[in-house]
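Q: Take a look at this one; I'll ask things after.
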Amino acid sequence: MTSIEPTHTGKKVIVGMSGGVDSSVSAYLLMQQGYQVEGLFMKNWEEDDNNEYCAAAEDLKDAQAVCDKLGIKLHTVNFAAEYWDNVFEYFLAEYKAGRTPNPDIMCNKEIKFKAFLEFADEILDADYIAMGHYVRRRDNTDGSTQMLRGVDGNKDQSYFLYTLSHEQVARSLFPVGELEKHEVREIAKEMGLITHDKKDSTGICFIGERKFTEFLGTYLPAQPGNIETPEGEVIGTHQGLMYHTLGQRKGLGIGGMKNSNDDPWYVVDKDLERNVLIVGQGGHHPRLMSTGMTVNQLHWVDRTGPIDGCHIAVKTRYRQQDVPCTLTYTDEHTLRVVFDEPVAAVTPGQSAVFYDGEVCLGGGIIDQLIRG
């Protein structure tokens with residue numbers, strides 16, 4: 001492997017060490033570039049004493065092994081209180097209101113690039129922080145900093161980082177954003193890092209291996225109700241609207257209906273007032289399709305945002321293909337977005353993230369759907 005010429009001697013970087021391969025290789029690459037590197041392992045969730053759902057202890061062990069191998073110091077910090085107040089309570093409130101939140105986005109906003117950055121600044125005297133996210137940073141000649149999609153289109157994580165400010169991006173390094181995932185694993189293997197073949201973490205960190213319904217039910221009381229067709233026919237019951245999201249197909253328990261065609265059933269709407277789950281047949285059922293949406297709680301990485309009436313791309317969920325759309329501001333906090341073509345399963349509570357080519361501009365929270 002070719003060595004990288006050190007260019008940043010003396011600059012101190014605190015790497016968020018998760019115990020995974022991406023942060024492991026990030027630390028190695030930054031060392032190769034001449035940075036003074038130290039690791040910081042975050043504990044964001046206080047798991048029950050008698051369960052083994054959370055792999056925090058195993059992850060810490062792996063992070064320590066990698067830091068030992070690289071010869072760098074590993075610090076630990078507990079952000080469980082901040083996580084509960086700023087991420088988990090938001091998660092519960094959104095589900096209670098019938099929406100489908102994305103706690104990973106809130107975790108990045110409140111913990112990884114706020115609490116972590118403040119700790120790295122105030123306690124560890126860092127020049128930069130670094131994370132193993134698949135995004136890129138571009139420093140422009142006018143002094144501005146932009147966030148770009150990761151080189152690996154299948155792993156690009158800019159969708160989860162749209163709430164970062166220009167200042168946060170300028171203080172953050174993303175070494176693996178320039179690489180494909182297979183290259184990251186190859187580097188880890190070549191360097192003898194034990195995380196080289198570690199499985200990627202998936203799902204929500206505080207739920208771990210538990211069933212989602214089981215976990216949510218311990219915090220929010222279930223409210224069973226009817227499942228209806230768009231025509232109002234009752235065809236089953238649900239255990240709680242919070243357990244279902246638009247476009248969901250599995251776990252409805254209504255297969256084999258009489259007088260229905262062979263198309264699978266999908267969640268096409270929720271009637272919160274009546275506590276009714278509305279389902280229709282076919283992945284392109286008219287009630288599942290939206291011609292646009294309103295988006296609020298806007299955040300733009302460079303503070304200014306795209307101009308009114310512009311035609312750009314949006315993602316309404318992770319790994320979705322870019323959706324061409326036109327933006328109109330209804331006020332400074334709300335956008336009306338019209339898609340070029342109807343889109344299925346746009347979900348209130350999820351994030352809409354906007355792009356101009358490679359550049360992640362920012363985004364907001366999907367509020368209302370526009371149909372027809």
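Cβ from N, Cα, C; glycine included.
These numbers come from a predicted model, not from an experiment.
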Q: Taking Met42, Met106, Met147 as the options, which does Swiss-Prot list with Gly16, Met17, Ser18, Gly19, Gly20, Val21, Asp22, Ser23, Gly132 at the ATP site?
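A: For the ATP site that includes Gly16, Met17, Ser18, Gly19, Gly20, Val21, Asp22, Ser23, Gly132, Swiss-Prot also lists Met42.
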Q: In whole Å, how far is His133 (site 'Interaction with tRNA') from Asp22 (ATP binding site) when you measure between their Cα atoms?
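A: Counting only the Cα atoms, the answer is 7 Å.
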Q: Can you give me the same-chain residues 6 or more apart in sequence from Gln350 (site 'Interaction with tRNA') with a CB-CB distance under 8 Å?
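A: In sequence order, the residues whose Cβ lies under 8 Å from that of Gln350 (site 'Interaction with tRNA') (at least 6 apart) are Thr100, Pro101, Asn102, Thr316, Arg317, Ile365, Ile366.
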Q: Say you check the Cα of Gly20 (ATP binding site) against those of the recorded positions Cys107, His133, Cys205; which is nearest?
A: His133
Q: Could you give the Cα-Cα distance between Gly16 (ATP binding site) and Cys107 (active site, nucleophile), in whole Å?
A: 13
Q: Give me the non-local Cβ neighbours of Met42 (ATP binding site): same chain, 6+ apart in sequence, Cβ-Cβ under 8 Å, ordered along the sequence.
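A: The list for Met42 (ATP binding site) reads Gly16, Ser18, Thr76, Val77, Asn78, Phe79, Ile111, Lys112, Phe116, given in order along the sequence.
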Q: Can you tell me whether DSSP puts Met42 (ATP binding site) in helix, strand or coil?
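A: Looking at the DSSP assignment, Met42 (ATP binding site) belongs to a strand.
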